[in-house]
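Visitor: Below is the structure I would like to discuss, written out as structure tokens.
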Amino acid sequence: MEHGEDSRRTVRHPASLWHITPASLRRALDTGHTADDLLHVLRSIADTAVLPEQLTALVRSAADAHGRVRLTTPASLLHSTDTALIAEIAASGRLAPLSLRVLAPTVLTSPLPGDTVLAALRDAGYAPVHEQHDAAIRLERPAPDRHPLLPTPRTAGPAPDAPDLAHLAEILLSATSDQTVPRLSPTEQILARDAQHLDPPALRRLAHAIDNALETAITYAPGKGRPTTHTIHSLELDPPYLYAWTDTDDEVNTFHLGHIQDVDAEAPA
């Protein structure tokens, strides 16, 4: 250590005067020197084995105060009023990769990012929350559903009776007994449960229009009303309803599958 690290010298002929201050001692201690190091250097400068008691006390006092307050910059800080829980987390071998360090009975630090620490704690069975700098809890938003939204069903005519299971069985059997008739697609199977008035070819035409976003024409008879024909497009199936746009309306129309009497557009065989 150079003499100038812990003192400032004022030259007075024929001797030198060294000014030792708490600030100069702190700077020397910041570089890693100890009180004994400093006292040894000062004895060498003074060329004496015994330093003044006041100077020795000043050095010892500066060394005692040095480092009482410490600054750390952790990536993550964990705290809890439950000291037993903090001790348990700190001792967990499963959480060893977090390099947790105990700062106080209620405080742990980790050099890893907060999201990494949260995920590891949750995987280990704990239920931490992410606290923001203002002590408010950061709320986590659930991932949004990616399913397409269907329009809100509008009031349709009276629902028909429960599906005719015998009719459904007839449709299924007719689709499997004749080898020239293709097997029912998933959409056809769904339609068959509610579209009781449609025969297999009509079911196939409607399913084809739904699956391929095609325009088609249906004959529709709600309740005891007269059958009407509608040319529809942009079909959305939500059993027992079919939602579609028509060329005459500026809004989505709701059709109950049980009231569809026929499908006019031809579908490929």
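Placed from the backbone N, Cα and C atoms, the Cβ positions cover glycine too.
This is the feature table in TrEMBL:
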- 138-148: compositional bias 'Basic and acidic residues' (COMPBIAS)
- 14-103: domain 'Helicase XPB/Ssl2 N-terminal' (DOMAIN)
- 138-158: region 'Disordered' (REGION)
Visitor: What are the helix, strand and coil residue counts for the domain 'Helicase XPB/Ssl2 N-terminal' (14-103) according to DSSP?
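Guide: In the domain 'Helicase XPB/Ssl2 N-terminal' (14-103), the DSSP-based counts are 49 helix, 12 strand, 29 coil.
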Visitor: Between 0 and 100, where does the mean pLDDT of the domain 'Helicase XPB/Ssl2 N-terminal' (14-103) sit?
Guide: 87
